[in-house]
Amino acid sequence: MRLQCTMSGTAIQTLKLAAIPVSTSPSRLIFWPVTKTLTATLVSRHNHTQRPPFTLLVRALSVQAVQATEITDSRKVVKPQWKAAIDFKWIRDNKEEVAANIRNRNSNANLELVLKLYDKMLNLQKEVERLRGERNAIANKMKGKLEPSERQKLIEEGKNLKEALMTLEEELIKLRDKLQGEAQCLPNMTHPDVPIGGEDSSRIRNLVGRQREFSFPVKDHLQLGKELDLFDFDAAAEVSGSKFYYLKNEAVMLEMALINWTLSEVVKRGFTPLTTPEIVRSSVVEKCGVFYARLQVYSIENSDQCLIGTAEIPVGGIHMDSILPESMLPLKYVAFSHCFRTEAGAAGMATRGLYRVHQFSKVEMFILCRPEESDSYHEELIKLEEELFSSLGLHYKTLDMATGDLGAPASRKFDVEAWMPGLGRYGEISSASNCTDYQSRRLGIRYRPSESPSTNPKKGNKSNLAPTQFVHTLNATACAVPRMLVCLLENYQQEDGSVIIAEPLRPFMGGILHISPKSR
């Protein structure tokens, strides 16, 4: 079914519940052409002073953003818009390490096929180079004095070589494309300290506070919201569909307070505030490697654009295809945006209410830094998150996530899960990821070290410039508003049905100190 409408003569572009590319696993990409109908498909989410062999492992999966023209074969399979610059030789020479990383991450990237295609490509390249050599030799002979019969013979040989070379070159292009498609499925290499296994293997690295004790029956945020007239899911379902919501009354003020307080606290730590575009090119999503099983993307039909699922994507793209001077690093950003996720298949008591929704506000931190500094900035990010949540009086645990829950980009990831008494469980409210150079190599973000490698530099000699290096990128959620609302409402509820406003937020609430039931 195709949906389109007009308002005041202006067409509203159709949204298609789809992600480009489509995937069937955490790290395997399959590129399909965009259809012209309204469809729904899942999208999956498919880098510190480094020590050998970790440095080499990251280098092996280097990726660079490169524009490519679209080509199709007889099945109309669309070629991705960018290519990866991967060190295939290193992967072949370190096959066991790469294979173990794929297994530990529960990825189904096909390493054997990558290596098979790589060997085939090398052999084909040799044959192409051999024919080019023969063609050049004939061209050189043609420059001299020759008998007509000899010249005609060389002309025929040259023509045959040209045709054979064109065939092989076309075959080489297709082979390189196929190799790229398979190799780009390879996930980032994992930090050596990450626990191996599924989510249950994740380590608790910090436990802060304790569960609040209540002398009365605890209500969840849905009941509190209904009694305090704070949000309306029913009306939103009629207007937009399930998992949308209206915030009302003090809940609106509380959302604004959370955003403004979080921004003010993070800016104090030297972060540059941003608001971002909320529509981006699908290729930027791909380059960021954001193919998460629970981050599902609304794509815009008849375009190469989609709605963002996190500000990490537009912030990651702000310096795309750039060479930064070392003096600019680190770059620290804190971005406010709305986020949009299809959340297909997300249902049940564990995800009810505000916990998992299609549209929400979020404050995201993002750092670009020198490779040797990313470990320390990762610690800085998680400590900043913990300070924010502790200031709000929340009980939470910080987890060092196991390999099976990292996703493709992260080398290491810390999650924060807060206690939600109404839901009777811990719920994820934040994460902090060190993606090393996985994203920057795909986005083409490099920096040039300040020191020259030459002890006797000559003016105007480009060889005296230090070679560029890829930056490391890190991201962390400072405040995902709906889940913070869940935590605050459920933890600060009172016996009389009211909810106290957490002290740090009060200066941003316009004098409101608590939320009370409305008089009827």
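Including glycine, each Cβ sits where the backbone N, Cα and C put it.
The coiled coil annotation in TrEMBL covers 92-178. Residues annotated as domain 'Aminoacyl-transfer RNA synthetases class-II family profile' in TrEMBL: 220-507. Marked as L-serine binding site by TrEMBL: THR310, ARG341, GLU364, ASN475. What TrEMBL records for ARG341, THR342, GLU343, VAL357, HIS358, GLN359, PHE360, GLU428, ILE429, SER430, SER431 is ATP binding site. The region 'Disordered' feature in TrEMBL is assigned to 446-465. What TrEMBL records for 451-465 is compositional bias 'Polar residues'. The site 'Important for serine binding' feature in TrEMBL is assigned to THR477.
The structure, with features from TrEMBL marked on it.
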residue	record	contacts (Cβ under 8 Å, 6+ apart)
HIS358	ATP binding site	SER240, GLY241, LYS243, PHE244, PHE340, ARG341, THR342, GLU343
PHE360	ATP binding site	HIS338, CYS339, ALA480, VAL481, PRO482
GLU364	L-serine binding site	THR310, ALA311, GLU312, VAL315, VAL334, ALA335, SER337, ASN475, ALA476, THR477, ALA478
ILE429	ATP binding site	PHE389, LEU394, TYR396, VAL416, GLU417, ALA418, THR477, ALA480, ARG483, MET484, CYS487
SER431	ATP binding site	MET401, LYS413, PHE414, ASP415, VAL416, ALA476, THR477
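Comment: L-serine site residues THR310, ARG341, GLU364, ASN475; largest CA to CA distance 18 Å, whole number.
Pairwise Cα distances among ARG341, THR342, GLU343, VAL357, HIS358, GLN359, PHE360, GLU428, ILE429, SER430, SER431, which the record gives as the binders of ATP, peak at 20 Å. Summarising the environment of THR310 (L-serine binding site), the number of other Cβ atoms within 10 Å of its Cβ, over all protein chains shown, is 25.
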